[in-house]
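Student: Okay, here's the structure, questions in a sec.
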């Protein structure tokens, strides 16, 4: 018939236990006959769909209407194939799939009838159809064979005798077949089921990780179905023979998935080999069928690799041959088996394209016999032609094939390489029966027999071997005759052979002691009832009596397997002889069976422990030991039964007869007593132990005496030296000079400053507790808690008081002794579910973490019952949540807790509202009653209602839920401070103060009026507002005032607090400039002016003369505080109220009524009036002079912002970036390959610093042979960044140019090495990745000479870079669109006077285009609409800015110093379970300290702004009427005002000096009172600076031209820095001569103010080292040390990333030295650097000015002398430059960008020249 395609079906099974335990997901979808698979690794990818003949959905339960049962599969596939078999076609069904996919279940099924597979159902229906046949002319016969292919070897599963591997042969007619494979005739389905069961038991299975009963072999169950029909008319019979092949393939597998090892791995390799070959065959057949219609010419690729595997060889006819074939692909639905399932689907899809040409097998036997006869005739003719006709001239069909000739042929074949046959049947008399194939006798055989005496076997063999092709012809003739005899075998003979094989199998099993049921099923193992036998005894009781050996009648031989005679019992071992012993079983006269043991010569055989050399009669129960290891017990059932009958009362032995009994018996009989031996051995060991112990004790005692003697000698030496040292110290003490008071003050200042530094301790806390924070977040994510944890720093300031529960215990004890607040590390808990934020201490975090772990463990135990989203989790024992109520307090403070909590929770009257002498008005009564009523509603406490029913609440016996805290309704909006200095004069003032949050954010403004009133004065009527007419009395007791815990007078002054509130070491504004004596003098001056000391005690000298009559000591004074309005408060706060209190009375507060907030429209009118009466004391006067009233504004959220963050349940916490912009990633240096490993040397004192401007270029080889710089893309717009646009596969060179100012210490010697590595496609560096490091060949390194006389140094080196040596795909291919390649470059350079190389590291960004691509730089939007992009060749470079420090090597120091340098383990890198769910989140590190520092400075600035605004408002209100004494009393406020906010004392000096320099006459902005208020030190410095400035500018700026005459403006570039301020002659204008104070004070402070300035690359351990104080040095180190002195410096280079904030950009004109021309350049100010470009389109930085080391000078006299308006000067260490702006406004903007303080001072001076009228 015509070709038909292979029918393909797929079937998906349910999840197995392994997949269920791993919570696998189903990735298979079926719709009709279409099957789709989803990629679990990329769910967004479209599913892959396949179409098959059948798609069976068996993943669900049978109740599913789409479920495909076993019967449905058989009805679709099996019935159709059975019908084809009855039609006469060959049929094949095979199952394919991965291991454990359900192939064996589909093909074989299970024992239950409803779960039978295709094979049992097909066999059963086959015999049903046969039995239902009513045609008498039809007869049927069924033959079955069952084989397995295991490790490419074929085994017969039905014949127990065929234990070896069968050979696969190929016959020209039959094709591939298995030689000697058993074909058993069956007459019923029961016979087939029995054979199938027997074969399945013999099949090889094993357990793997993916399948507990994995089929380790391919099984082929073959049914030969013959239909014979007798035609009565013609009396001819016709046959149709169908071959039904049912194949169960072994599962494909991967070693890593199945965990295969050893034998399992070898099996899997063979399985995969055969399945791979099967796939190749299927693919080849599919391609052949596809190409048949297109091209009929056979190609070389049409070869089908059938012979590559035994499986495909045997299935050749079934795959694309004469067969109807069906394939069932078994699928696993689990996502963890995605790759295997997809491979199976592709196999099945290819198999659909195979076409088989099946034909009906009409009478195959007759045709086959005829063809075989022709083949035999042809072979005989061939032998006769070769002269062997006398040997084979025999009719093969005249006799059976099983005679003695068969043995001859076998012997002949096995000995064909010998000349003599060693067999008993080869005597000359028997040679007549040894015909070829044992066919019938013939005249030829008689002639052969008559010539027996003359012809020998040797001659016949010689004739056959010597004849060409004779051996092969004999072999093929033998095969053909064997097949003919098999075909001519009648059906009855086949049945008899099958029955004989079955009887042999049962006999063999019975001989082994295995009982068989009547139906042929195995019953079990039994102990023989009559036959004597041996059972083994083993040391392991479980292994005893597992082996049973029968002693047969007659002789039973025991020996080794390689003995000459066959041994009945085969043993192995070193002491087992080839023939060890003989058991002789005979019957005596009485019929009793007697067994005698006869040992062979020199064999070791023991009976009951005695060695026997002569025959011994055995009794039942005797112990027999053969050799040394084989122990048996002899059992004689009949003999034992007879003895029990004779002595029925015989007691059973008290000890069981086992292996131990036999061994002990053997030792006893040989005279060895084990107990005695053990006791003897034990005594010997005890004696040995005692001897060794005595020796050890003696040795220990001797060592102790030796050490004691040494210690005594050392003690004497120490005492002697200590006496000498004491004598020396006494002498030295006599010579010491006592400290002066000034020296004591210096020591006290230094100790207090050292004690306040907390950088290291805070860093240790952050690093040491990071692992706890990470674990808490990981548990929160895994339990789906919407709670995030992150570190936060809290400092107890006026704006941000720290709750006492967050302070450590030891800190609380020493709090009163500490003059300035401490900073604590806390944990910010963001409850995204409830919209609340809490702060936990580290101890509380650790306590809660224990409960979290317990909760996590419980969740794992009862995961199915977890109710994360239920209501009970809000108030249950959940350690993630603090107790949350409907109203919350965010950022609580002691003041708020003290006033609100006490007023709302405590019902006792407040002393503020009820005192002995005060009259509480009705409004006050109403307020108090309202507050008492409000007490029941302000706090929602549900701990007693349902906490007991929550999980874990029963753990706490005290009834309090430890997971929740009480939180009040209102949250703190912000705080404001109002000073009371106007009460000194007294004048009324209305303040508009900023409401500042704890984070330094302005949340609104508050208008407050403060005025002194008479005692009986009525309050004004504000309309509908509140009118409070009562008077509250507040006491200011001197003793209580001094002892109370609030900021002291010294702390409230910014001059001290700004310095003392520093938490980072060396971060004080004046830390690098102001010496301790200057600091102490400043403190003393401030204290003298304010009338206070450091300890807070009052020194009120001349008090009565300085204050007015209204503030007499002891008198009553009344003043009024009116809260007018609040404005600018965000609408998210619903209700707003305000309360205020005094600092020392934080528990007594005055509160307004809440008002509805309608947004940013009209302000909220409180109009709350409060009269306050006090008794005038020294404390009160000092308070109104120096301290404010605290105003706190509260509200509650309508909807908390955290709710928006909590909408995503499983989002991991993100790192906080509140203040600093995201820093650009900087890589560590690439390790050198040619240099020794350099350790990070501890850096000591810094000798000098330089700014380096480095240009990086990558040049490519052009067709002209020159190397041209590659194009650089600068569209990012940020400085020091750019992308190299390179061509693929072109030679390149890397050029690096270093530019810096000339210095005596800095000389480049050579480039030691240039290395590149860390190739990646993302900016971040993967530290775990292993990348090849390539060292480049340096071709040139030299210093360049500038075209003009320049003071800068240009050092350039060039290296060859072959990118192919990296062997990186990223560098070898064209970069895909949108991707960039990053590479790290490190240059190791050698410097003079340095002990190790300096390292310059740069991350280079690249994009590779095709080799012939034309590359042009992209144009940004700005350039697109502008005048074009700069195409200058020198624009193709990337810039880097570096800071080079030349430092001394740090001394190891004292042990205390070494302890302070301890290495703290950063636990943030430690792994915790579940960390991978955090998606890259990390705990905050050292940067948090810097952010908090900036936060504190921001709060301090806001505070100082309010103080200054108050002072200016008061001064404007008083006008010129302010007396001198009152002006002096206000000086503390002035000294701590804006001038001291962002600068240090030196900045004030400079400002004053600058103003004096501008107008040295009496027409200065300050009047004579201001000048007289300067202290002597300030006057001295001001005079010195004035002289220098006046002297210089009177020279008409000539010295400026002289100092910079050796360079042009184009040379302005990196400025060499030195932390010192060098001294120069006053005759020359230099940076240090004109600005000695601002170099390291004002500019450095502004540098520190800007976060971008601190974005340097540093490791976690180095993050704080860059902020160390650099000691001042007066002269260059090399000049001081002398040129002949050998110097050992350590270079330290750090890359500096410019800030992203642009302060100002535009064009400026630069004055060229010694020239009247001005050069125009484009300037961008990114603090602390000024970047200079040729134009606004120039992308490359041509020069930089470091503002932290430069001085900006401005003088109107200078402009008048030079006749150049709008000019100012910038002085650096090496040069001075004149700059000119476009107009006056532009100049002010540039001055503000360069130096904000200078610009503010100028504006203030200009505003004072034209004073405005005072406003009231």
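Every residue, even glycine, has its Cβ placed from backbone N, Cα and C.
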Student: Going by Swiss-Prot alone, which of 603, 1487, 1568 is annotated as phosphoserine?
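Tutor: According to Swiss-Prot, the phosphoserine annotation belongs to 1487.
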Student: With respect to Swiss-Prot, which of the residues 756, 1057, 1637 bears the note phosphoserine?
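Tutor: Comparing 756, 1057, 1637 with the record, Swiss-Prot tags 1057 as phosphoserine.
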Student: For the feature phosphoserine in Swiss-Prot, which residue out of 527, 1531, 1613 does the record point to?
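Tutor: Looking at Swiss-Prot, the phosphoserine feature maps to 1613.
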Student: Of the residues 800, 1162, 1454, 1659, which is given the phosphoserine tag by Swiss-Prot?
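Tutor: Swiss-Prot annotates phosphoserine at 1454; the rest carry no such entry.
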Student: Out of 341-383, 384-426, 470-512, 556-598, let me know the one Swiss-Prot marks coiled coil.
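Tutor: Swiss-Prot lists coiled coil for residues 470-512.
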Student: Do you know which of 1466-1486, 1508-1528, 1550-1570 Swiss-Prot annotates as region 'Disordered'?
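Tutor: Comparing 1466-1486, 1508-1528, 1550-1570 with Swiss-Prot, region 'Disordered' matches 1550-1570.
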Student: According to DSSP, does residue 99 (ATP binding site) fall in a helix, a strand, or coil?
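Tutor: The three-state answer is coil.
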Student: Go through 647, 1487, the listed modified residues, and name the one with the sparsest Cβ surroundings, counting other Cβ atoms within 10 Å.
Tutor: 647
Student: Which residue, out of the binding-site residues 99, 100, 102, 104, shows the minimum number of other Cβ atoms inside 10 Å of its Cβ in this structure?
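Tutor: So among 99, 100, 102, 104, the binding-site residues given, the one with the fewest Cβ atoms within 10 Å is 102.
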Student: Take every residue in the domain 'FHA' (556-612), average their pLDDT values, and give the whole-number result.
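Tutor: PLDDT averaged over the stretch: 91.
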Student: Give the distance between the Cα atoms of residue 101 (ATP binding site) and residue 1487 (phosphoserine), rounded to the nearest whole Å.
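Tutor: Roughly 55 Å, rounded to the nearest whole number.
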Student: Taking only the Cα atoms, work out how far residue 647 (phosphothreonine) lies from residue 100 (ATP binding site), in Å, as a whole number.
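Tutor: Cα of residue 647 (phosphothreonine) to Cα of residue 100 (ATP binding site) measures 60 Å after rounding.
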Student: To which of the recorded positions 98, 1416 does the lowest count of other Cβ atoms within 10 Å belong?
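Tutor: Lowest Cβ count within 10 Å among the recorded positions (98, 1416) is 1416.
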Student: Helix, strand or coil by DSSP: which one applies to residue 104 (ATP binding site)?
Tutor: helix
Student: In three-state terms from DSSP, label residue 1416 (phosphoserine) for me.
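Tutor: Assignment for residue 1416 (phosphoserine) reads coil.
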Student: Using DSSP, what's the helix, strand and coil tally for the domain 'FHA' (556-612)?
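Tutor: Result for the domain 'FHA' (556-612), in helix, strand, coil order: 0 helix, 27 strand, 30 coil.
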Student: According to DSSP, does residue 647 (phosphothreonine) fall in a helix, a strand, or coil?
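Tutor: It is coil.
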Student: Whole-number Å distance between the CA of residue 97 (ATP binding site) and the CA of residue 1416 (phosphoserine)?
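Tutor: So the alpha carbons of residue 97 (ATP binding site) and residue 1416 (phosphoserine) sit roughly 55 Å from each other.
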Student: Within 10 angstroms of the C-beta of residue 97 (ATP binding site), what count of other C-beta atoms is obtained when all protein chains are considered?
Tutor: 28
Student: Within 10 angstroms of the C-beta of residue 103 (ATP binding site), what count of other C-beta atoms is obtained when all protein chains are considered?
Tutor: 27
